[in-house]
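First the structure, in the form of structure tokens, and then the observations on it.
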Ligand SMILES: CC(C)[C@H](C(=O)O)[C@@H](O)C(=O)O
Ligand code: SF4
């Protein structure tokens with residue numbers, strides 16, 4: 001029987017497997033950031049241990065740094081401590097760090113791919129739940145806890161259960177004005193936030209093959225939001241073209257060898273998945289969330305569900321609670337919801353393509369009066385490229401604040417917080433209660449939809465602004 005992409009990468013990394021114990025996997029790549037690494041380094045120090053392979057690690061600062069200035073002076077005491085601790089740890093232990101102001105600094109899930117640190121067929125871990133993003137390259141990538149971070153630092157291995165496999169076949173092509181973000185929100189709406197639990201998801205089908213690498217990352221980024229630790233896409237010419245020539249990508253003969261190897265990773269035609277799901281990608285409309293988890297979605301052209309539409313009493317009660325928090329009437333048109341804040345950024349949608357698409361909507365238009373709009377590039381490289389292309393000017397002219405890279409209002413650990421009670425059109429991945437600031441209310445959507453919402457001051461379909 002053939003193997004799936006996930007099984008091929010998993011099996012190639014098993015170091016030891018004993019009855020009654022979790023298999024031990026070799027780790028090829030380890031990304032770290034300021035929030036989940038300090039205790040791990042401290043544990044290592046206490047035990048008098050060194051890093052097993054510091055050259056396989058890469059660090060960045062992203063979660064609680066300021067996006068106004070690239071200095072620690074304007075950061076919270078907590079951020080100061082975390083960032084300076086990471087700087088010291090990386091210096092002491094010999095880890096490359098893209099620190100504040102560094103040309104490669106950015107959100108951890110953006111800088112890995114951008115530098116070619118993320119490669120097909122590798123195992124990649126990070127103390128961060130959105131590590132599945134890197135699966136877009138055909139890497140087996142997943143988030144780990146802080147004690148596991150320490151284990152990887154000391155041994156370059158991790159204990160990891162074999163997951164069940166799920167293939168999501170995305171048939172047809174996404175229509176213009178409909179993006180990878182809409183696809184993953186539609187999937188979340190269909191399978192719920194628990195649909196992928198215990199599975200490694202493979203996104204496949206014509207719609208996925210047609211996506212750029214940046215869009216594929218958006219898709220895999222949110223695998224965790226449907227309950228799966230892992231989301232993968234088979235590497236192909238799009239993948240190779242993206243990686244070629246990047247800082248840490250193999251060069252010369254090693255590149256040709258690597259590509260030949262990567263071409264063998266795709267799931268075999270006779271591979272069997274534990275579960276298969278079909279999605280009609282061509283039928284998807286722009287999506288947004290109406291509730292407090294990413295599975296509570298509807299079409300932007302549609303309405304918030306009525307309570308009668310829920311058969312399951314638990315779901316119905318959840319919807320009722322979510323709507324009370326979000327402040328929307330059951331059955332109301334979602335496009336009537338007025339917004340106060342717009343956030344374009346995060347590891348879901350903070351890449352160049354995202355800003356390009358939003359700029360298509362914003363060119364020659366203005367943010368509606370009373371709306372605060374933030375554009376936060378996912379990395380310094382994204383920011384520079386957007387400046388060079390004139391995109392940054394489009395955002396500024398429209399009335400957006402054009403910031404420095406970081407997680408920012410995705411989780412509001414720095415001072416980018418949506419005010420209490422405000423409604424936010426956001427390109428991030430989580431719409432949990434209070435996620436973007438205490439009492440804030442989040443609607444997840446694509447960058448083009450967020451830009452359209454900024455212009456109209458209410459949740460808006462981007463297609464009306466796209467020629
Ligand atoms: C801070 C970090 C541990 C967290 C995560 O694991 O995802 C954050 O990135 C998030 O998105 O909530
Ligand atoms: S941008 Fe948001 S989701 Fe991504 S790593 Fe940062 S906090 Fe987590």
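Any Cβ shown, glycine's included, is placed from N, Cα and C.
Automatic prediction, not curation, is the source of TrEMBL annotations.
Here TrEMBL flags 347, 407, 410 as [4Fe-4S] cluster binding site. In the three-state DSSP scheme, residue 410 ([4Fe-4S] cluster binding site) is classed as helix. The Cβ of residue 410 ([4Fe-4S] cluster binding site) lies under 8 Å from the Cβ of 343, 345, 346, 347, 348, 426, 428, 429, 430, 435, 436, each of which sits 6+ residues away along the same chain.
The region 'Disordered' annotation in TrEMBL covers 420-440.
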Quiz item: How many of the residues that make up the region 'Disordered' (420-440) does DSSP mark as helix, as strand and as coil?
Solution: 0 helix, 4 strand, 17 coil
Practice problem: May I ask you to report the DSSP-based helix, strand or coil state of residue 347 ([4Fe-4S] cluster binding site)? | Solution: helix
Quiz item: In the same chain, outside 347, 407, 410, whose C-beta lies within 8 angstroms of the Cβ mean position for the [4Fe-4S] cluster site?
Solution: 62, 63, 107, 109, 130, 345, 346, 348, 350, 378, 406, 408, 411, 428, 429
Practice problem: Please list residues from the chain of residue 407 ([4Fe-4S] cluster binding site) whose Cβ is under 8 angstroms from its Cβ, counting only those at least six apart in sequence. | Solution: 62, 63, 64, 107, 346, 347, 413, 414
